[in-house]
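Read through the structure below, which is laid out as structure tokens, and then see the notes.
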Amino acid sequence: MNWSIFEGLLSGVNKYSTAFGRIWLSLVFIFRVLVYLVTAERVWSDDHKDFDCNTRQPGCSNVCFDEFFPVSHVRLWALQLILVTCPSLLVVMHVAYREVQEKRHREAHGENSGRLYLNPGKKRGGLWWTYVCSLVFKASVDIAFLYVFHSFYPKYILPPVVKCHADPCPNIVDCFISKPSEKNIFTLFMVATAAICILLNLVELIYLVSKRCHECLAARKAQAMCTGHHPHGTTSSCKQDDLLSGDLIFLGSDSHPPLLPDRPRDHVKKTIL
């Protein structure tokens, strides 16, 4: 594995995340990915070999193991971590796409032409929706996998002994699980970290939506103030002052704010794409 590429992806995800997103990223890669890589394979490496049943009937142990462990914990966690981390990489790819588009625009129209994005990494327009959808997807994946784990293993606990009566077992046999206490501790740790990640995703989602609503209300308030000061529709001077002070917020697409004839482009200070 090329760790330099991996480090670059992590730094990109961290750069374009909020404070809640950075905490989530640290929690995932320190308390979930690293713990999984260091511990999970060792704890579950001998689960099938050491699954003993008090019978010599050929095939009985294999059938009972498949009945009580339809999907391995390790495989489920691996799939969960892959699905949880991919949306964050999509945000980085979206920013990279914006930067490429901005570069091509400058090459085609010159350095003095208008910019497509005032800040390609700022969460505005399509990038805002990409980030929000990634939060919803990550929380949904963790919730779905917690439900799957609970369905396969009630209360996420493995009993030390299970009773099996599946064919070809001659009767009800007792089967013994290897290292149940260690596996239970590790399982509960992974469940707890997944629950904390879900909470962080929901808090970050609420933060982003409330921030966007606040910006929309501020923009409408600014427009209402301009209309109140100029009841006859002559609002250009008011908009000029708002542009100079950086208070007027433009919502919607990634286009530039309208340029006014008596002010140069350099005075436009804040634009929401």
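Placement of Cβ uses the backbone N, Cα and C atoms for every residue, glycine included.
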Swiss-Prot topology check: Glu107, Phe176 same side of membrane: no
The transmembrane segment (21-40) and the transmembrane segment (188-210) contact flag, 3+ Cβ pairs under 8 angstroms: yes
Integer average pLDDT (0 to 100) for the topological domain 'Cytoplasmic' (211-273): 56
